[in-house]
Amino acid sequence: MSPAPVPLNQLPQWDALRAHREALGDTRLRELFDADPERGERFALQVGDLYVDYSRHLVTDETLRLLLDLVHARGVLALRDAMFHGEPINSTEGRAVLHVALRSQPGDVIQVDGENVVLAVHEVLRRMTRFSERVRSGEWTGHTGRRIRTVVNIGIGGSDLGPAMAYQALRAYSDRNLDVRFVSNVDGADLQEKTRDLDPAETLFIVASKTFTTVETITNATSARRWLLDGLGGDESAVAKHFVAVSTNAEEVSAFGIDPANMFEFWDWVGGRYSFTSAIGLSLMTAIGPEAFHEMLAGFHAMDTHFRSAPPATNLPLLLGMLGVWYGGFFDAQSHAVLPYSQYLEQFPAYLQQLDMESNGKSVDREGRPVPVRTGPVVWGTPGTNGQHAYFQLLHQGTGSVPADLIGFAQPVDDPYDQHDLLMANMFAQGQALAFGKTAEQVAAEGVPPELVPHRTFPGNRPTTTILGRKLTPRTLGELVALYEHKVFVQGAVWNINSFDQWGVELGKVLAKRIEPQLRPGAAEAPQDLDSSTRTLVQRYRTARGR
Ligand code: F6P
């Protein structure tokens, strides 16, 4: 067994960064740009369809060098290679982490327990292709012989957020005669609202769950089954034409009553939040068609290849990951905003919340010791320009600094009213204002009364990464998502945490299971050993419901 790594804050490379941070002091982005007229071009990379400008970060060449020293000291590249080789780097669950295999080329070989998983991946992709083509062409019909008009994906977390985000992102590439909806919340209103205008005879449910034991999904799927059978006269044989499953758990799928012939498989080496290029993407493939889905996979693969082979200094996920380490470690940044200047990417921040926060929201390292530095940030955001009229005030003039990603595209997918220039002008302007602000002298020179000068001054120095894609296409989306996946990987590796488990979601699930029977009609008084807060809430709830 190799010895436990030295805690991060005891490494000489961390000390060097600390000293460097002190030396930087209150260096302003304005000064960095004045000192280097080429900075905007030098601190940028083009990878595939993405141009990424990281010049508006509080870093110098020396910072980047020191951050890369830390990458080497932390064995990030070795862990990356171990992931690509299928080694069980998910240490607390003893599993390989191989979402990259989901977008591998047919001839590739990636072994897990002596088996080339690439073969299985492509077999499932072929089945997905056949199925989605049948639904799209109308060959797959419902129980009464009618064409499927709506696909409802029932899943939660990674079995919902990826396909839901990507469906929204790639809406323009979807078959507009086929509606796709996503039901996730155990709040019955979700299923009710998403099905109220649907005809069961024309509705197909895809029940997506890695484990097929997730209570929200099984509850919603059970209710959906009831809705279907009520609508179709109660004939149980209808289920086979209106329900398919995506899961790793054939036993539970069959126990639920879905024919395993209608199950699309994936594997325990695919983490839920890394799964939408697996069969979890079935609803998406049905919406946009197999060809566009494969284009998206090619985008993922291109970024995987870049991450695996580009030299560290020009390795985009590595750089973006290390910038996050820099701000968390030395600027006490607690949150990270993701601001897409694209309405199609409306759900991208929500998707990233799970990807990043479920991966790196950890406070013990792989050896179970407390991590001595700040780990994953709170990730949040909504599309620009909407956010500009809501919380951007705080981004510009609040007391803390929130590093942000501005994401936009040079070419619009569709711009019938010629509004794209205005949208993008706003994105460029926000990055500029956040970085350079407006000094008190500039404000005063405009004739602003002295008492208003402090109010109208913008401190600037607020870091942003600008991601300018060529155009939002399936391929670009693949590149973008893979970029963030690998960024999260890099950070987890530096912090020496296991980015691939999620034990932190368990306790609430167990407690909910215990509380639920106490809410039901006829339940005994809430037990006395319940804490007084929960007991009172349970009692008030029961009273309000007349129980
Ligand atoms: O509770 C968290 C979680 O396990 C996520 O990691 C996962 O994406 C989600 O629940 C759904 O799990 P499943 O696909 O097994 O239903």
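Using N, Cα and C of the backbone, Cβ positions are placed for all residues, glycine too.
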Residues flagged as region 'Disordered' in TrEMBL, choosing from 210-235, 444-469, 522-547: 522-547
Other C-beta atoms that fall within 10 angstroms of the C-beta of Lys509 (active site): 11
C-alpha spacing of His389 (active site) relative to Glu358 (active site, proton donor), in angstrom: 29
Distance from His389 (active site) back to Lys509 (active site), taken between C-alpha atoms, in Å: 37
Surrounding CB atoms that lie within 10 Å of the CB of Glu358 (active site, proton donor), all protein chains: 22
For the region 'Disordered' (522-547), the number of residues DSSP places in helix, strand and coil: 13 helix, 0 strand, 13 coil
